[in-house]
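Q: Input: one structure, supplied below.
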Amino acid sequence: MLAVRSLQHLSTVVLITAYGLVLVWYTVFGASPLHRCIYAVRPTGTNNDTALVWMKMNQTLLFLGAPTHPPNGGWRNHAHISYANLIAGRVVPFQVPPDATNRRIMNVHEAVNCLETLWYTRVRLVVVGWFLYLAFVALHQRRCMFGVVSPAHKMVAPATYLLNYAGRIVSSVFLQYPYTKITRLLCELSVQRQNLVQLFETDPVTFLYHRPAIGVIVGCELIVRFVAVGLIVGTAFISRGACAITYPLFLTITTWCFVSTIGLTELYCILRRGPAPKNADKAAAPGRSKGLSGVCGRCCSIILSGIAMRLCYIAVVAGVVLVALHYEQEIQRRLFDV
């Protein structure tokens, strides 16, 4: 089960999710139908040596093309939407228009669907980065619970492992017998981990030399994190090419705001060293609850943080899948149909 316990990691996940939703909204609903495609045009009557000019659909000009004869013998993926607004050249009643109208009649030689480029580059990179960051969060939480962590106050007690609690509930309710093997195993693991953390903080180089597997695990965790953040930040640096003329200014501003905020948040999380907690004896409450109320409180907290969170994740994933399946045809129609 994945539960984002760190507020810093949760903020990054929320920012990446919001960034992806903004891109999906613009791709599906926000783009004007006249600003979806760009065309490589040349004014009618000019020589074939004249350089092609990329422009978006302009209602003051007449675009001539050949929608029934795809370029290079076949359509590009979803390129038919770009040729839908063109006029077939053979229906124009004159072969060579007057000089006064030459500059208002354009021959289209190529068309590009810019929403297709946005959908298959930026949106995909954001989705991959989102899953990679969740993978990093899962690896980091497992390392905090079972692995070597420095500083030591970041460690999470292995006894809080959900499988341990579930095993005790099943054994006590159904088997009517206390099951403590997992608890004893986790206690032994906690003691051994304390010793490893002390050795690591004393001499990290020698520790990693004699235990390279731990270094590989930590390295994989860091690589996954940097790759995820790199993919998200890299979406702002993808060359837009000629499609830049179709993207509005607010999309550029929104992209840089999200990317810079995510990058600065991750940089702050890496550089920030949280203060060590106060002494447990001083921080402990003088009147710690005991008896039935304490047991019920601990059980309720474990249930809410474990089973309830699992149900929430299942509900969210199921909701996303149902919405995607329900609106799949509508999204495809808005993206790639006329």
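From the backbone N, Cα and C atoms, a Cβ is placed for every residue, glycine too.
Got these off Swiss-Prot a minute ago, pasting:
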- 1-30: signal peptide (SIGNAL)
- 31-121: topological domain 'Extracellular' (TOPO_DOM)
- 31-121: region 'Involved in fusion' (REGION)
- ASN48: N-linked glycosylation site (CARBOHYD)
- ASN58: N-linked glycosylation site (CARBOHYD)
- 141-212: topological domain 'Cytoplasmic' (TOPO_DOM)
- 234-243: topological domain 'Extracellular' (TOPO_DOM)
- 265-301: region 'Interaction with UL20' (REGION)
- 265-301: topological domain 'Cytoplasmic' (TOPO_DOM)
- 323-338: topological domain 'Extracellular' (TOPO_DOM)
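How about a rundown of where these features are and what they're close to?
A: A coil conformation is recorded for ASN48 (N-linked glycosylation site) in the three-state DSSP classification, outside any helix or strand. Less than 8 angstroms from the CB of ASN48 (N-linked glycosylation site) sit ARG42, each of them six or more residues away in the same chain.
Other C-beta atoms found within 10 angstroms of the C-beta of ASN58 (N-linked glycosylation site) number 13, with every protein chain shown included.
Taking Cβ pairs closer than 8 Å, the topological domain 'Extracellular' (234-243) reaches residues 38, 54, 112, 114, 117-118, 121-122, 125-126, 255-256, 259 in its own chain, all 6 or more past its ends.
For the topological domain 'Extracellular' (323-338), the model gives a mean pLDDT of 64.
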